[in-house]
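S.K.: This structure is in structure tokens; I'll ask about it shortly.
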Amino acid sequence: MTRRLLLVHAHPDDETITTGGTIARYLSEGAEVTVVTCTLGEEGEVMDPPYAQLVADQADQLGGYRIAELTRALAALSEPAGPVLRPRFLGGAGRWRDSGMAGTPAADHPRAFASADRIAADGPVALLAGIIRELRPQVVVTYDQVGGYGHPDHIAAHTVTTAAVDAAAASGLPGEQWAVAKLYWTVAGRGQIDRGVAAFAETELPGDWSVPESASLPAHDDAALTALIDTRDVAGRKVAALRAHATQLAVAPCGTAFALTNLIAQPVLTEEAYILVRGTAAPGPDGLERDLFAGLE
């Protein structure tokens, strides 16, 4: 069986922060991996001072620049001897715009992804269902129902992906129907976050970074996790991909921590956690799947 994995993310950098190790691991194992990004991240803040004027209320060129960052990040995640993973944008680059955080003026933009007409014939659900029918992935990954940390575009990506998985398996759309075998949410486990933050006590971080209370970082109870993917063998590729998103984040010299523009340290996880929400789990002796394709071959 040719293994095919589709990951749906809201903005450039989300693919690396939450699932970069998983992408790199499955590419190294020869799986067909596709990352669909729903917006260009136009409303992001900028960490790198030379590019600070690219933001939405100035030059409004950040989205185009982030295409280049995403391209470099996906190349970094790719197997050196294999094909280079390329970006794919839902509806094409620029079809939908970053909606910004809840309550900001960006939410009122006519192209804001969070308020897109999802049931339109050319809306995000139909377009993503078309991609699913085209690629025929056994496994699809997106966010949980709160989008990980509450960003409207992450919540919309969750809603759109869930509906698209249903639509791809049903009648009424062009193309041959396809039933996704397993749908996962990308999450972090509370234990992972607690251990990662505790390790900062012995980690040299940049002087202007702050160490958070572990409980302030979003995570799910460990008991809710259904899969843990070991990505230690490709950790260097994940770190390189994080560094490619230089307008959005910085990686500590040690490579085990990163910070967004708020300069709050977060651990670079070398196990990536998931919750299976559709399909049949095939856990190992510890009660967890160690392969997203477990039970399918």
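Keep in mind that glycine also has a Cβ here, set from the backbone N, Cα and C atoms.
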S.K.: Please state which member of His154, His158 Swiss-Prot lists alongside His11, Asp14 for binding Zn(2+).
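M.R.: It is His154, as the record lists it for that site.
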S.K.: Note the Cβ centroid of His11, Asp14, His154, the recorded Zn(2+) site, then list each other residue of that chain whose Cβ lies within 8 Å of it, in sequence.
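M.R.: Neighbours within 8 Å of the Cβ centroid, excluding His11, Asp14, His154: His9, Ala10, Asp13, Cys38, Thr39, Gly41, Tyr143, Gly147, Gly148, His151, Asp153, Ala157.
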S.K.: Which residues of the same chain, at least 6 positions away in sequence, have a Cβ lying under 8 Å from the Cβ of His154 (Zn(2+) binding site)?
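M.R.: His154 (Zn(2+) binding site) has long-range Cβ partners Ala10, Asp14, Tyr143, Val146, Gly147, Gly148.
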S.K.: For His154 (Zn(2+) binding site), what is the secondary structure by DSSP, using just helix, strand and coil?
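M.R.: In the DSSP reduction, His154 (Zn(2+) binding site) maps to helix.
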